[in-house]
Amino acid sequence: MHAHVILAAGQGTRMRSRLPKVLHPLLGKPMLLYALEAALALKPERLVVVVGHGGEKVVEALEGYPVEVAWQKEQLGTAHALLQAEGLLRDFPGPFLVTQGDTPLLSPRTLEALLRRVREGAGMALLTAELPDPTGYGRILREGEEVLGNVEEKDAPPEVRAIREVNAGAYAFDGFLFQALKEVRNENAAREYYLPDLIAIYRAHGRRVLAVRGVAEEALGVNTREELARVEGVLLRRLRAEWMGKGVRMILPETIYLEPSVELAPDVTLWPGAVLKGKTRIGEGCEVGPYAVLEDTVLEPGAKVLAHTVAQGAHLHPGASAGPFARLRPGAVLMEEVHVGNFVEVKNSLLHKGVKAGHLAYLGDAEVGEGTNIGAGVITANYDGKRKHKTEIGKKAFIGSNSVLVAPVRVGDRALVGAGSVITQDVPEGALAVARERQKNLEGYALRKLGEG
């Protein structure tokens, strides 16, 4: 049994953004949720998030999670922020885990190691990391596992600055925590209350303070846009490695972007520059071409999305293909062996087995029957200025190039629509519909007009 407090009240001025720092996205979800999910993995008895700057937005992001919220009205430092949780946890005996909402790489395994030290008798345990360049971090002084102190860089003599072990900002405490917090002073230039001051307070009360050295990568926090990009890069490398280990082929993996919510099957091939977002699910043997973007899209086994295609909320069945340069909007469903080619846009439409729309077409709010061919430049005119209307095209129909089907309208099975037609009435099964002005040839007109006759 333990309680976990996540500190998420900071303003994040160096981000230069109106969005609260902890809500900046990493691979499609707010940074704070990474810290929250790591905390939940250990099944805490109580989970408190301390919010402050932009707190209303932060609380919205926490909706649906089993958390309690404490408010830090004034941002007076990390120790002051933690003290705001006392009202919720006053009767909780401990131990307590404390992490930061802007440190999203911490693993449950590392947090468990901190908690174990306190359960084994330490009063306080803190996570440390050895950094190649510790500039800007407080240095850890210790003997063995015992922490003697934390020296801020500005106060450190040269021999202390040479130390590369730093405080990573994650802690475990025993039940003495809130009493100790009340002894923290703000005798510093910023007039703020800092968590590292608890090291000296715990030691003064005869309680052991131990260090747990973690992986340097996990200690990475986010205070700037550059650091945000660095952390996102770490998350991406982990995710790519995980999927390649499960049988996904990535060509130039460092160029591929994907989010944790994406699901991939073995023998999927991802070409350079592919972007996979949201609840995208890609089946076995599928291929995603260079610079294709898939969001909330399903590719069933054997489907292909070719270069520079954008698909949002689409569903491609086995053997279907789209692209290059196609656009599939929400509700686009391509059944088996459908092909949608270059510069074809499909929105809220069902294309049955074997439909071909090779180039330069718009199919919106339509249902197209099995085996039908859609010529170049075909448009389903679905919007009358007030409402959307449906176009229905039967099986094995042929819609000639540059035709416009003005919805609501139906073209029957095996019907033909002549090129360049504007269809405003239903076309019966097996009929030919031609709706265009008859061609006239005026002999000699051009020569006379140009004065060369």
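Cβ coordinates are placed from backbone N, Cα and C, and glycine is handled just like the others.
Now, the feature entries from Swiss-Prot:
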ACT_SITE  H359  active site, proton acceptor
BINDING   7-10, K21, Q72, 77-78, G138, E152, N167, N223, R329, K347, Y362, N373  UDP-N-acetyl-alpha-D-glucosamine binding site
BINDING   D102, N223  Mg(2+) binding site
BINDING   A376, N382, Y383, S401, A419, R436  acetyl-CoA binding site
REGION    1-225  region 'Pyrophosphorylase'
REGION    226-246  region 'Linker'
REGION    247-453  region 'N-acetyltransferase'
Checklist outcome for this item: What remains of the binding-site residues N223, A376, A419, R436 once a 10 Å Cα-Cα cut-off to K21 (UDP-N-acetyl-alpha-D-glucosamine binding site) is applied is N223
Checklist entry - Should R329 (UDP-N-acetyl-alpha-D-glucosamine binding site) be counted as helix, strand, or coil on the basis of DSSP? => result coil
Item to check | Under 8 Å by Cβ from N167 (UDP-N-acetyl-alpha-D-glucosamine binding site), same chain, sequence gap 6 or more | outcome: L126, L127, T128, Y137, G138, I140, N150, P196
Checklist outcome for this item: Within 10 angstroms of the C-beta of A376 (acetyl-CoA binding site), the count of other C-beta atoms across all shown chains comes to 18
Next on the checklist: Here's one to test understanding: among the binding-site residues A9, G77, Y362, A376, S401, whose C-alpha is closest in space to the C-alpha of D102 (Mg(2+) binding site)?
Outcome noted: A9
Checklist entry - What's the most sparsely packed of the recorded positions K21, H359, counting other C-beta atoms within 10 A? => result H359
Checklist entry - Under a criterion of Cβ-Cβ distance under 8 Å and sequence separation of at least 6, what residues of the same chain contact S401 (acetyl-CoA binding site)? => result G375, A376, G377, V378, A419, G420
Item to check | Cβ-Cβ distance under 8 Å to G77 (UDP-N-acetyl-alpha-D-glucosamine binding site), same chain, at least six residues away | outcome: N186, A190, E192, Y193, Y194
Next on the checklist: Quick check on the region 'Linker' (226-246): DSSP residue counts for helix, strand, coil, in that order please.
Outcome noted: 20 helix, 0 strand, 1 coil
Checklist entry - Between the binding-site residues Y362, Y383, whose Cβ has more other Cβ atoms within 10 Å than any of the rest? => result Y362
Item to check | Lowest local Cβ density among R329, R436, which the record lists as binding-site residues, within 10 Å | outcome: R436
